[in-house]
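Residues or ranges marked as domain 'G-protein coupled receptors family 1 profile' by TrEMBL: 1-243. For 7-32, 44-65, 86-109, 129-154, 188-212, 224-245, the entry in TrEMBL reads transmembrane segment.
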Amino acid sequence: MKTMTNYYIFQMAIADCGLGLMLPFHIATYFLKDVLRDPYVCTLRFVSLLMMSSASVLLTTSLTLDRYIAIFRPLLYDNEMTRARVTLVTTLTWLLAFVVSFLIPMFWHNPEYGACTGCIFTRLVNIKYFRYMMIPAAFGALLIQVVLYLRIFVVAIQQQTRISEEWRDDNNHLNRSMRKQLKVVKTAFFICLSAFGLWVPYFIVLAIQVFYPGMLYNDRIKMIRGIATLMALANAALNPVIYTLRMAPFRREIRELLHLQNNKVEHFTLE
């Protein structure tokens, strides 16, 4: 990973792959109903997916912050975003995802839960976890992304206008550097947009259920939440498509893996 942005994306790819590796266990439990009577197995069924998903959302937020610093502090970016600092940030991100999305819900169960209740995550885990930890953290991360990108795009539009006015000056290093930064910002934006669009419906439905407990048993809400869950999980499948379409290094790696030398792949971008 030659750039810090690519390092963040590499970590996000690990989270997406981890989510894919956890899915077979989650699916298998649908056919092994007896094992779900154990509350810890039941919890593991969900938190294994939740941890990877949380890591992906948190890494997306870190990527947004990385792009914010690159745009607003371009001259100091290389000194501030060193490999050591980025490694520390991603390590803390994974640790936070593990503690908040795996460790705490794994053991913070609803005291009224019984095996006869069925393996339902929102009934098994203490509802305070959802109200005061999971939902505020999720919406907080998404809100940070929105606020930062609003500021980024105000500056990006201004810079794009200036570059367009000076387009004849091809030797202007600052212009070339800014054009490159804007392209990376667009890539990060598509990643964040997919995460925002696919995760927000899930968290909205979950918030309705935990703040209005009667909705936990509403069949229509449960059906909507099931659809929202599939949308959220689809984000892990969509991210690699964005990486491949937007980033030349990923396209080159894909071509090498598939032994494809057709340069037409270069034209399939979202620019």
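Positions of Cβ are set from backbone N, Cα and C atoms, glycine also.
Beyond its flanks by at least six residues, the transmembrane segment (86-109) meets 4, 7-8, 11, 39-40, 43-44, 46-48, 50-55, 58-59, 62, 66, 124-126, 128-129, 133-134, 137 of its own chain at Cβ-Cβ distances under 8 Å.
On the 0 to 100 pLDDT scale, the model's mean across the domain 'G-protein coupled receptors family 1 profile' (1-243) is 82. Distant neighbours of the transmembrane segment (129-154): 54, 57-58, 60-61, 64-65, 67-68, 71-72, 100-101, 104-105, 108, 122, 185, 189, 192, 195-196, 199-200, 203, 206-207, 210-211; these residues of the same chain sit at least 6 beyond its ends, with a Cβ under 8 Å from one of its Cβ atoms.
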